[in-house]
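For 9-34, 115-137, 172-192, 198-216, 223-244, 256-281, 383-405, 448-473, 504-526, 538-556, the entry in TrEMBL reads transmembrane segment.
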Amino acid sequence: MFCRKRTFLVLYMIFLLLFMVTDMIYISFLAILLHNMKSSSLALGLQDLYSSALLQINYGDVQGSRTDWWKMFKTLGCCGVTSAINRFSVCSNSVPKNACWEKFSDTMTTYCSTYMTLASLSFILQIMQLSICDVIYSQLSDKKLPFALARSCIEHVQISWKRSWHLTLINTCRLLSCISAIALVVLGSMLLRDDRMTGYFVHPIYSILYVFGVNFTDIIKWFGIIMIVIGATELIFSIVAMISDAKMPEKRFRHILFVVIYIIMLIPKILWLAVCTKLISKMREDLRSKMEYSLRHNYYNIRRSWMYLFGELECCGVSSSDDICTYGITSSCSLYPYTCFFSLYETGDYQIESNHEVSYITSNLRKMGCLEKILDIFQFYSIGFFVTISFTISLVSLVILLTLIRLKSIYSSENNNVSSEEDKLVKHDEKQLRKKFLNYCKSDYSRVIILITTILCMIFGLVLVAEGVVLAFDQIFNHKIIKQALFSNLRFEGVSFNQIRESLYVFMIAMGTALVIFCGFGYFTLGTRSRSLHVSQAVIVSIILVFMITGVCLWGKTKDSISYQMDIQMLEHASTYNYYDYLFIDNPDGISAWSNLFAEAECCGVNVHDRMEFWPGFGRKFHYIAAKRIL
């Protein structure tokens, strides 16, 4: 009962400390806001935003800025920030023309002062509660005042260090890994909510960009999800490990289990780090080629999307604003799209719809290209990912090393308690281990055969799983445009080629996984004499093999028919859509599917490189090297 009371008291004091830190941060923010209310910097900033909103004559501005200002003025009963600008004003006749800053400043100052007073009062009350809890804790633990809990924690750390220094270092590393895990979760959440990466105005252009055949929007989405999943998993497991260390510090099985789990968690971290490094090294080249191609050939088809991108990212062109003149986007080299000068906050639908152009002589032109802007934004998240994941990997490696040292010390301490006679018996048994193994193999050939076949089946299952994963994520079969526009239209007995491929790799992964699991279970059944376990394993493995043999037979019977029908249907598809030009490579239709197929598969034509496959009177075709160049 005494320990339970002290535990609850310690938890309450820890929460009080957290609340005090939160109150200090809250009070600091309120103090900064009050200072800005009394100065002119915030007023000038709001006035500049208001002036930018007034550039829009109509109410159909892209981001609805004029509507937001009008609602705020109507609510406050005023107009303007520091002055009421009458030209193109959003204020109606029913709204007074007096400026809003004085009223806004007085209202915000009142609220901020009130909240700051309440936060300060809460901070003082928490200090008083913490002092009372410290008195109670000193009576429960026989510690002197003040800071009984702090001195008790320091003493506990000192005792823990003397008793097991590696266990103290392990928990310290786990605590540091919690910080990096929280940073990963925050970075992933920021990436998924960043309008410059996942927003509405950048999505149309990002959706036509590919890196290694993977859509750029999917890369951003999965990059954020991976950071959140890795961070959350690391955080939860580190907390559970620290709690278990406090409860069961000497349990060997717990240490072994944690080492195995840490190694399993370490492998995907290293793999994702390598994949992201490879992806980022290729990103600049792939994004540049796709963006330059789209801006050069498809600008007028997706003009709104490009203008949205220029305004949202506050950039112009691909490499620089000179691309606008180089690619002949505007009617004159002295004219540039409207959003090359103004942000979307300052842009109306009228400028977007009318393809409004502005001379660089009369306005400040942005020189920075959108490619560098995108890479700079993505680099912020990628560097954060690399730093945190590398820090996590190093900490986890250190935890594994220290845990192994801890296990060694536990084993050595247990061995010291064993008598010398038992030590001699153990050494004798170790010498006889090889002889026993050889005698075992000679005496029971059936078990040796079962062991060898089990290993071979597990290897075969792993290969089958690997083949299924490769087929599932193949760059050609999984290409978004090729899959949607071409393979979905190739049908065999009413089943599309995409469905056949999906069923095939699901079958391979499922059968391979089942084979690995149940054959791996055979290692445990070999050490037992349970008839039911042996029979169950034999039946399950036999069923898996029957399914695999049946699947292979069905595939062998139908693959020739599928290949023949695929040849005919691809020729029909080619004659239906022809191959007009590479200008349509980004459109999700049949023409674009053939262009992307030539580029990704590095081929040309269906059966042979012959013009008769694509009717020459309706278009032209080119070698796959040219296709790779425009991509």
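Backbone N, Cα and C atoms are what each Cβ position is placed from, and that goes for glycine too.
Of the ranges 9-34, 115-137, 383-405, the one with the most Cβ pairs under 8 Å to the transmembrane segment (223-244) is 383-405. Most Cβ pairs under 8 A with the transmembrane segment (115-137) among the ranges 9-34, 172-192, 256-281, 383-405 are made by 9-34. Of the candidate ranges 9-34, 198-216, 383-405, 383-405 contributes the most Cβ pairs within a distance under 8 Å of the transmembrane segment (172-192). Long-range neighbours of the transmembrane segment (198-216) within the same chain, counting only residues 6 or more positions beyond its ends whose Cβ lies under 8 Å from a Cβ of the stretch, are 62, 191-192, 224, 279, 282-283, 286-287, 290-291, 294, 302, 304-306, 308-309, 311-313, 344, 475-476, 478-480, 586, 600, 631. Packing against the transmembrane segment (383-405) from elsewhere in the chain are residues 166-167, 169-170, 173-174, 176-177, 180-181, 183-184, 187, 223, 227, 230-231, 234, 255, 258-259, 262-263, 265-266, 269-270, 272-273, 276-277: each is 6 or more residues past its ends and has a CB under 8 Å from a CB in it.
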